[in-house]
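The next block holds one structure in the form of structure tokens; read it before the comments.
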Amino acid sequence: MSSLTLNGVTVNFPFTPYDCQKDYMSKVIECLQTKSNGVLESPTGTGKTLCLLCSTLAWREHFKDTISARKIAERLGSEEMFPNTPLSSWGTAATDGDTPTYYTDVPKIIYASRTHSQLAQVINELKNTSYRPKVCVLGSREQLCINQEVMRQESNHIKVHMCRSKVSTRSCVFYNNYEEKSTDKDLVNSILDVEDLVKFGNKQRACPYYLSRSLKQQADIIFMPYNYLLDPKSRRAHNIELNGAVIIFDEAHNVEKTCEESTSFDLTPYDIASAIDAVNRLLVEQAKDVSCGDSVSGDFNVDSLNSGQNEILLNLEAAIDSYDVPSDKGITKPGSFIYELLERAQLTYSSKTAVCEALEQIIGYLSGRQYGLVSYSFLYNMLLDLGYLTCSVVHYVMYLWHRESHFPSFLLNLVNWSLYISLHPVGNILSYWCFSPGFSMQDLVSQGVRCIILTSGTLSPLSSFTSEMRIEFKVSLENSHVIDRDQIFVSVIDRGPDGVHLSSAFDRRFVPENMASLANLSRVVPHGLLVFFPSFPLMEKTLEFWRAKGHADRIETVKPIFVEPKGKGTFTEVMDGYYSKVNDPASKGGTFFAVCRGKASEGLDFANTFGRGVIITGLPFPPRMDPRVILKMQFLDEMIRKNTSKLKYLSGQQWYKQQAFRAVNQAIGRVIRHREDYGAIFLCDQRFKNSDARAQLPSWVRPYVRLYDGFGNVVRDVSQFFRVAQKMVGSILMINCSMNHCPAVITKKQTVLCRQKPPNIGPDSESCDTLSLPDTRSSGFASCSYSQSSNTQKANRLSTLSLQHDKRMDDEMRGGKRKIRLVQEQDSRAKTFLAEMKKSLSQVTFECIVQALQTYKKSDNLDALLTKTTVLSEDANTHSLLRGLYQFVRAHHKQRFDEKCQELTGQGCGYKPDHSLTKDKKTALKLGTSNCTQLNTQQLNKGGPHLNHTVLSCYSGSAPKSEVHAAFLADVKKALGAEKSAQLFQAIYSYKKTDNYENLVTTVVSLFTERDEDFNLLVRFGVFIRPHHKKQYKDMLDSLVGQSDSAADVPALSEDLQRHGKDNAMHSIIV
């Protein structure tokens, strides 16, 4: 546990915080101390939730301590209890200066997030802190009710009213027990989420819903979904007191939408018709009861039905249908017009109370029946809303529109329904839409809250976001990330391998060439790849095109495709299939196709190998012809024209662009989820080359954006990026794993929920619940591998195409399995050695040795390593540990290290000359001795025509040069065609003249990755790469192939010989 002081407040944090975490907590405390609203953006993976909880609760404790200090000062008068620490030094900022403050004035913290599942993660983070506040989590009956009779009801409205009925008659045993159990210590002193509360209620046979309401009274921090705050009806229903409270909206990128939707409604012909039918059915039932001599229910007054309810509903229906709405567009009216419409139905402000009381009585009576309740509840809530919104019509637009109605078949059996259908086959829909999210925010401020903090990982662009909220934000932050430059790769790709410009613009999105180019990007990312489309129709159309043209088959060969479903039913199953495929060590990963603003882009965690790359296939603008989008843009433009204040409004066009980029930023945030994670971001739309477009990206992404003109350069750079990232991050995680006794198997769920260690390895390190894992297939650590899911067959079934290629993939990989096992054995020995060394040395010495190895890996400085490890030579018991470091020393240093060990310990490390050979040299030596006849050195020195045959024998066994080149030439021309073949030959010729490797590889990769079947030509092309570029080329191929061996491992002959043979080869091809 680490303690630090920020703005005079002592904050207890689970580990030593990063600088960006300190900055974030300082801003939170600034908001709380100065009563200022704040908008704080901090990327996913920076520990935003943990910082928010620790800083807020630390400030609250400081607030209480300051009250205590004041009370002590009042008792002592002018004396000091602590002479060395005068009470004046305790500060007054927390308690608002000289204002008299009492313990009852300590602000409550209201912590709101989008969903209960997100709140459960927040509560889990709270449990990892040292703070133990009194906690309450609010939920609906849908989530908290445990009465099976109530829960069997289909409609949520019926559940609510049945519950109320049972509570009023005390016929619910769980409700009857809740008061007795509300003071239970296990309940009051524990930090419980919704699931925990339900478990407690079932165990104690007490109602969780009413237990949560009782906990709210004494709670220090209250958790709730943020629609509970933003919807005035929900706020009243849950009796949420806001005066003096601190309001926190986490995951606030959705607040704007929720603000508008919570105060909007659509009134359909079905709503009115079913309400009318419900009244008629009730009248029939009451008439039967009277005719049979039965007494009418005491809790229901027939007069309430005869007091004009039907007449009001019929008048309302007639008023809405009186407008002749064109079929192709609707009628737009200002927000105030709805009151004129309601007045025609005898619904006025003066009659509202009586009508609402009558509706409420009818709703109570309908709660035990299966008809009419939903519609009446809707009408009742609509009238409450309209009464509440009387002074705010400027934020609204009324829209009348027309569509063909599709009613449930069971309604045809209702009384007079067939007559209604014949008389009213179609009706108008009345929509009352709020277009100012700032209205809800201003309403919260008017309740006397202390401050409002909006925070998320993706709020950019902040200026447009805050202008929509219509309240002042004095504190703002666009935080940096905790990752280093080597852990993120961001590229703007404006054209595919075939040179076609990429764009999702309306006139380009369904162009076949555009869709075909996107299919070529799957190979460049290892393991899990996320592909986000602007909309479901575009994704479906693209997939349909790929299947027809065979692109989908080629993607499936590399990474099986999983597609986000539209409905919620199969989403979890598809996600599990994707996770299983990525976890499967026999596969090369998986591809997950999703939609911006869809479920996969909203809060799902694709950490580590589950999300090594994300491809944005275009800008997801809202549908331009949607009436709500059109009216929103018109509303904003109108507000600008009418604006006479200093407040700045967004224009309709600015809002339209903002919606697209905020969706992009949310999708980008699915990758790089913690300190040791890394990934690539591909922005595949030529519009991202515009500087204005890039300015809308998150601040932590903008510095790393690279612009590319050719696809080949992207492949080259991203393969280099992943190679470096895997080595750097993998080595750190390996050492972390060995130091913390990493379990042999860690599940996907643990990986998703884990928190990361800070880079400093020592006593102050964070004690994480589970360890984040390296890419096991790249680092080879069998002991730190992901568990292979037992659902592999399910993963295969869930892929969009049948995975019959799996057997073929297994056959292809069989040749590399032996080598993989060897690498795993070597890495297992390394881990065992590190664990043994940790047991033998003190903690400080072990950390010093580990740090020296990390430094050596980065700097390649053997002298520094020897200096740091000489401590092992001072004791004969640790000599073997010094010699054991030989396995970590690079080939070109092994001889020198062996000699040093011989000098210091009297025993060497078993050095042999071949230990100094690099991997490439060993491969070349092996190929040279097995495939080449011995060359006469005299002939080599003299040169001569015989060299062509000898050189090519080294490259291709016994095949003569002319046959190899003729075969390659024929394959190239057949695969690429005359025009692209000429482009390749020109690139080879330029390489011969200029030795410019970058230009050559750009052209070669662009040509040979356009089609999957041409990839073998890229591998075979390694024969033309000069020795000093051979390692670069081989590394690029390794990244693309996904294994450590490739056909680029050719003999590294002398440069003169290589150049001579290559010149002849180039000549034969170009000619």
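Glycine too: its Cβ is placed from the backbone N, Cα and C atoms.
Just so you know, TrEMBL annotations never went through curation; they're auto-generated.
Feature list (source: TrEMBL):
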type: BINDING; residues: CYS145, CYS163, CYS172, CYS207; note: [4Fe-4S] cluster binding site
type: DOMAIN; residues: 7-328; note: domain 'Helicase ATP-binding'
Neighbour count (Cβ, 10 Å) for CYS145 ([4Fe-4S] cluster binding site): 26
PLDDT averaged over the residues of the domain 'Helicase ATP-binding' (7-328): 83
List of residues, in chain order, with Cβ under 8 A from that of CYS163 ([4Fe-4S] cluster binding site) and at least 6 apart: ARG141, CYS145, ASN147, VAL150, CYS172, TYR209
Set of same-chain residues at least 6 away whose C-beta sits under 8 angstroms from CYS207 ([4Fe-4S] cluster binding site): LEU144, CYS145, ILE146, ASN147, CYS172, PHE174, TYR175, ASN177, TYR178, GLY201
Surrounding CB atoms that lie within 10 Å of the CB of CYS172 ([4Fe-4S] cluster binding site), all protein chains: 22
Additional residues surrounding [4Fe-4S] cluster, by Cβ distance to the CYS145, CYS163, CYS172, CYS207 centre under 8 Å: ARG141, ILE146, ASN147, VAL150, LYS166, VAL167, PHE174, TYR175, TYR209, TYR210
